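According to TrEMBL, the protein has these features:
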DOMAIN    13-338  domain 'RNA 3'-terminal phosphate cyclase'
BINDING   Gln104, Tyr294, Leu295, Gln296, Asp297, Gln298  ATP binding site
DOMAIN    184-285  domain 'RNA 3'-terminal phosphate cyclase insert'
ACT_SITE  His320  active site, tele-AMP-histidine intermediate
Amino acid sequence: MAGQRVEVDGGIMEGGGQILRVSTALSCLLGLPLRVQKIRAGRSTPGLRPQHLSGLEMIRDLCDGQLEGAEIGSTEIMFTPEKIKGGIHTADTKTAGSVCLLMQVSMPCVLFAASASELRLKGGTNAEMAPQIDYTTMVFKPIVEKFGFKFNCDIKMRGYYPKGGGEVIVRMSPVKQLNPINLTDRGSVTKIYGRAFVAGVLPFKVAKDMAAAAVRCIRKEIRDLYVNIQPVQEPKDQAFGNGNGIIIIAETSTGCLFAGSSLGKRGVNADKVGIEAAEMLLANLRHGGAVDEYLQDQLIIFMALACGVSRIKTGPVTLHTQTAIHFAEQLAKAKFSVKKSEDEEDASKDTYIIECQGIGMTNPYL
């Protein structure tokens with residue numbers, strides 16, 4: 001299978017772990033030998049961190065591939081993929097590295113495996129700089145399943161910064177191919193709900209304060225909807241370490257989902273955490289798109305692989321999304337276009353249509 005190695009510059013655009021995730025997933029799926037250079041070149045700690053390494057090792061194991069240069073601090077790797085196989089695969093960041101990001105890199109691959117897969121992912125479930133696991137289950141899952149597959153996500157243990165210690169088990173069966181999606185009709189907001197959690201030694205009052213502050217903030221802008229944010233004390237046997245945070249979801253008449261979330265940090269009062277999440281949600285509702293800013297880039301790889309034309313309406317296109325598109329075009333040869341939305345209701349807003357002619361990837365084992 002070893003053809004010409006595809007060269008990827010890990011220092012351009014988003015310039016971080018995302019380039020690695022998108023390029024290794026596509027390399028694995030398409031059987032393209034890959035070299036990534038200048039990995040996280042511009043970051044304060046350049047090169048591979050533990051979470052990137054565990055993601056790479058998982059992809060290697062998924063397809064019995066070969067991986068060179070994979071160690072902490074390395075800025076160049078070579079990857080030679082083989083056949084994608086199902087079965088049980090484990091990835092452990094050994095830190096609060098995000099299980100959600102491990103899921104992002106592995107999920108597209110195991111959809112095209114020979115048999116069903118079980119991914120055992122260990123690390124942070126509600127950690128900074130990454131989606132929270134609640135976002136993955138409450139927003140990402142129902143939307144990504146529109147591509148025509150189902151997955152099950154079982155949160156065994158929650159883990160927080162700095163210790164991690166969380167564990168999530170993802171189970172899924174392979175598909176023959178992915179259906180394109182059309183997410184362009186936002187509809188009107190019909191429901192707003194969420195959860196504010198505390199874990200470990202933090203008092204339950206913190207959860208109640210986060211929820212109350214978020215509700216007050218949303219009420220200022222959206223007066224006619226009941227906002228149902230549940231304060232939750234994570235059970236001791238289901239949470240490792242201490243943490244607090246909140247996620248708030250808005251659901252629309254057409255089934256679109258938007259979120260705002262925030263995590264507590266030492267010395268930041270509970271009200272502030274709640275307000276930050278509420279403001280993020282409100283900002284995601286203002287731009288007129290049908291997906292929020294965090295779903296944008298996570299959908300690109302699936303659009304690239306799907307059989308047919310996908311369209312999503314978004315707010316301002318993020319750097320992560322531009323980066324995912326760049327590598328989906330370079331590696332998978334999918335064709336994307338990003339245009340300002342021409343709908344009348346979007347005239348005054350920063351709204352875009354991302355369209356993709358997918359490559360119609362088919363599973364060779366089914």
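Here the Cβ of each residue, glycine as well, is placed from N, Cα and C on the backbone.
Those TrEMBL annotations? Automatic predictions, nothing curated.
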Taking helix as H, G and I and strand as E and B in DSSP, count the residues of the domain 'RNA 3'-terminal phosphate cyclase insert' (184-285) in helix, strand and coil.
37 helix, 37 strand, 28 coil
Between Gln298 (ATP binding site) and His320 (active site, tele-AMP-histidine intermediate), find the distance joining the two CA atoms and give it rounded to the nearest Å.
9
Record lists Gln104, Tyr294, Leu295, Gln296, Asp297, Gln298 as binding ATP; longest Cα-Cα distance in Å?
13
Determine which residues of this chain, when Gln104, Tyr294, Leu295, Gln296, Asp297, Gln298 are set aside, have a Cβ within 8 Å of the centroid of the ATP site's Cβ atoms, and list them as they appear in the sequence.
Pro131, Phe140, Val291, Glu293, Leu299, Ile300, His320, Thr321
At the level of the C-alpha atoms, what whole-angstrom distance separates Leu295 (ATP binding site) and His320 (active site, tele-AMP-histidine intermediate)?
10
